[in-house]
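What TrEMBL records for this protein:
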TRANSMEM  6-21  transmembrane segment
TRANSMEM  28-47  transmembrane segment
TRANSMEM  115-132  transmembrane segment
TRANSMEM  152-169  transmembrane segment
TRANSMEM  175-193  transmembrane segment
TRANSMEM  244-267  transmembrane segment
TRANSMEM  274-294  transmembrane segment
TRANSMEM  314-335  transmembrane segment
TRANSMEM  412-436  transmembrane segment
TRANSMEM  448-467  transmembrane segment
TRANSMEM  473-491  transmembrane segment
TRANSMEM  503-521  transmembrane segment
Amino acid sequence: MNIMEIGMLIFAFAILVIYYWKAQYGKYALPWLLLSVPMLYFSINMVTECMTADEWMHMSAIIDIENMKNIEGFALAMQYQYRTSQMVFGTFFRILPPNIKNIISIYTLLRIYKLVHWYFFFGIVLLISSIWRNKILGKNIHNIKFRFVDNAILYSLLALPVSCLLLKVCNYDTAYIYFAILGFSLIIVAEKTDDLKYAYLGTVAAVFGCMDKFPGVLYWCICVMFFIYIGIRKVELWYKKLASAIKYCLLATGTAVGVSWLSLVYLDFLENGLCAKINIGSVLFPFTYVLRFVSSDNVIDSSNEMSYCKGAVSYLFVIMILMLICAFIIQLYDWMNIKFKGCLSKLLVYINTFLLCLSVGGGIIGAYYIPQYQMPYREIPAGYYNSTDHFGAAIYHFGATNAIEHFIYKLFYAYGTILCNYPTVILFLLIFCIYVLVKRIDISKSSFIQIMMFISLIQPILFSIAGQPAGERYYGVTIIMQVLICCYYVYIAKTKIQANLKYRIVFSVLGFLYIGEMLIFSPNVKIFQPIWVVRSTNYKQNIRQGAWYAGEAMTWGEDIAIAGNLIKDIVDKQGLNDYGQIAIYGNYGHIWLNNPGFNIGIIGKGSGAENYKWDDTEYMVLSKFRLYRYDVPEFIYEVEPVATIKYNGEISTWIYKGSQLEKYNGYFDS
């Protein structure tokens, strides 16, 4: 950690002291505050040094937000996405005095952006945690089980591997995931307290998520669906139910459209004028684009400001109809459950138990046995299923012989991705919840939670059908919500937790296991794989062309900062004082925000082999994420690198001196 990050940790710790004081923890706060230190460390370490491949363009544009409209081919795309980020972080940099911005380097401004981003979403984390403590669990500080579950929820939001990723990486995934979880949490409160205003606030919270990233509309729709259901469930007559449902649907949708329009009006002011006029297409884009995409209407077109005007109202109308239908399906479930004396609740418990077992069992199988192949890096063999799943130019396939086999592999790979993002302690939690569900704990009090759990468990199946790539950030809502709901299961289960020596030892062991496992994968940016996934030495040291296993050590551009620190140690030991004499070339990441003065370049960006010195003043940083796309270069197996970046022994990045690779300079001509 650097000085800035140490300061961040100290200030965040001070905030948590106030947080526990406001929660009236009293004498019980100390052990949880001590536990907060490693959790904060995981979510802060290297946040102001690492820069992933997807951050630079959007962050630098938001820093200079008043000139965004001048970025040709990019400004219009930013009217459709990143709106919440622009409103929050763009405002911060807009009010920052120009004379200060002018004397601060762009890298320092990016570090400040990272700091502000972290604290903003840390605030959202504390808000969600407070909602669960005060409104869902029901505040009971003197109950040890309450304290355990309350803090498990807080630290899941703060320090799960995917949570660390979201807090450290400044892109639109963070906003849409945390605002979706905030929306869901408020919906649960509304059902529990029978107070419709919380459900309404939940729909509003979810709007801010889908304004940043359009897939967030799914979670907004779910929030609206439950808002309608909670609003009509006590209405007696069916025609009045229908009228009320339409009223609530119009209210939620009208509010969302109003918020979207106001966001564009505010951005028009913030950016000294948008690059294109506000129109019905841009206002409704966050709510209609996914339906356009599913119907193969068109992709994001940053060249035509009228692209999304045609059919915008029709698409929104279809979405409203679908939300109304889903709300009445839940109402019908409620009615039939009462009529058949809770039989449907029991059936839902059995379904959730099966789906949870499937996700755990399928995840284990997926993690060990099912790699995801990517074409053109790994061609589909003749006679095998011709997959149409794609992301950009890459087509995903699994070596299946038919569509059904392909879907099963794809689903199990998704389960593997989710399970590989859970520390082993969380796997224990999932297994315990299977036990709790088998015992069918107090079904009448958890029926609504069971519906929420069902939605969370069914998402991987629906996403696999839709062809959604299996990345941890794409399943962020599913990953975190499953943990929160499982924590709730623990709380309402009849199992007792006592403050005796046996329980203290058990929870201490679990705490140390969690901390130890997270430390293995420090700095906790992109890569995590639980220790129960055991790989061979051959697997850990080699590259499989065009193949990617769940949890595999594939970086996202943060490797250049991590490698830079390793190279700095090497250079310091050699006694070289002028870092400007050293050049670092990366094949993927190329931005190190805390760079002390090294020259950093990109391999293959207009610089052929003749432009390198091929001496000890050059370092080549080679990420597996790039290497696995092509024939593996011979030197990976023939030349011992000066350093490697490893996670639990698995190499993600190879670091060589230029002098070691002169013999292989032909590789760098491409």
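Any Cβ shown, glycine's included, is placed from N, Cα and C.
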- Message: Under 8 Å for C-beta pairs, could you tell me which stretch among 28-47, 152-169, 412-436, 473-491 has the largest tally with the transmembrane segment (175-193)?
- Response: 473-491
- Message: If contact means at least 3 Cβ pairs within less than 8 Å, sequence distance 6 or more, would you call the transmembrane segment (473-491) and the transmembrane segment (448-467) in contact?
- Response: yes
- Contact between the transmembrane segment (412-436) and the transmembrane segment (503-521) (3 or more Cβ pairs under 8 Å, separation 6+): yes
- Any contact, the transmembrane segment (152-169) to the transmembrane segment (28-47), with at least 3 Cβ pairs under 8 A: yes
- Query: What stretch of 28-47, 244-267, 448-467 shows the most Cβ pairs under 8 Å to the transmembrane segment (503-521)?
  - Reply: 28-47
- Tell me, please, if the transmembrane segment (6-21) and the transmembrane segment (115-132) are in contact, taking contact as 3+ Cβ pairs under 8 Å between residues separated by 6 or more positions? yes
